[in-house]
Amino acid sequence: MVAVEVPTVVLPNSSSQQRVPVVGMGSAPDFTCKKDTKEAIIEAIKQGYRHFDTAAAYGSEHALGEALKEAVELGLVSRQDLFVTSKLWVTETHPHLVVSALRKSLRTLQLEYLDLYLIHWPLSSQPGKFSFPIEVEDLLPFDVKGVWEAMEECQKLGLTKAIGVSNFSVKKLQNLLSVATILPVVNQVEMNLAWQQKKLREFCSTNGIIITAFSPLRKGASRGPNEVMDNDVLKEIADAHGKSIAQISLRWLYEQGVTFVPKSYDKERMNQNLKIFDWALTEEDHSKISQIHQSRLINGPTKPQLNDLWDDEI
């Protein structure tokens with residue numbers, strides 16, 4: 001199998017015009033430290049994947065680190081070719097804990113630096129008390145200025161090449177931009193054909209922030225039918241192009257200038273997810289896609305849900 005050359009986009013707010021591969025390999029919490037995980041990552045590298053997304057809360061940093069180390073030792077890839085992202089969990093979203101949290105992630109990943117470090121949620125909870133979902137009574141005030149200064153310190157120390165956020169609304173991004181010295185390069189959020197994030201996309205584009213889409217195929221929750229993968233309109237578009245619904249979905253994200261991290265460890269699907277760069281959607285396709293019913297899939301990490309997490313943005 002010939003490796004696919006994945007296009008990259010510049011992170012406009014990065015100091016060195018850093019580039020990120022548009023498609024990465026996601027690893028949400030069901031990514032376990034099994035042998036097949038390591039094999040899946042090495043297979044992904046052979047296919048052309050260079051962008052890998054993890055988080056302290058996922059429990060996947062160890063398996064990813066083992067796999068990347070082996071891939072480098074086998075000569076499949078060099079560290080410079082990889083783009084590795086991890087995230088700061090809410091228990092450590094406190095100014096005095098950020099640097100040590102990143103150092104811990106680096107030890108687990110067996111890396112000297114990250115390419116990108118994100119604040120996982122715009123929330124803070126009791127240090128040391130990990131639970132998912134997060135109990136609302138464990139939440140503490142989120143010191144966005146103090147936490148972001150500590151994120152900036154991580155970059156100044158060379159522990160990460162760039163910093164960003166995840167699950168931030170337009171309003172929360174505005175608050176962050178008002179106190180930031182180093183600008184966030186990425187906002188990683190749920191985005192898919194049934195949650196297209198038009199307002200957030202426009203704001204991020206204006207402010208040089210690249211969006212990374214998680215749940216790009218709307219997987220990740222088991223509530224009824226999948227409004228993307230089971231969508232009749234998308235099936236028609238896919239059939240017309242001789243492609244899968246997943247490929248139509250990822251191609252649409254690519255045409256919006258968005259990066260995305262689908263999570264598949266199936267060899268064939270991993271390969272399909274890369275075969276989206278040598279064809280295009282039509283204007284009629286875009287018109288049909290714009291009419292898909294919109295609803296958020298991932299409402300938040302707390303129990304019960306917070307009313308103001310998304311600031312009523314659609």
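Just so it is clear, glycine is given a Cβ too, placed from its N, Cα and C backbone atoms.
The feature active site, proton donor is assigned by TrEMBL to TYR58. Take the CB of TYR58 (active site, proton donor) and look out to 10 A: across all protein chains shown you find 21 other CB atoms.
Sequence annotations record features per position, and here TrEMBL assigns substrate binding site to HIS120. Summarising the environment of HIS120 (substrate binding site), the number of other Cβ atoms within 10 Å of its Cβ, over all protein chains shown, is 21.
The domain 'NADP-dependent oxidoreductase' annotation in TrEMBL covers 31-292.
Taking Cβ-Cβ distances under 8 Å and a sequence separation of 6 or more, the neighbours of LYS87 (site 'Lowers pKa of active site Tyr') in its chain are THR54, ALA55, ALA56, ALA57, TYR117, LEU118, ILE119, HIS120, SER166, GLN188. Here TrEMBL flags LYS87 as site 'Lowers pKa of active site Tyr'.
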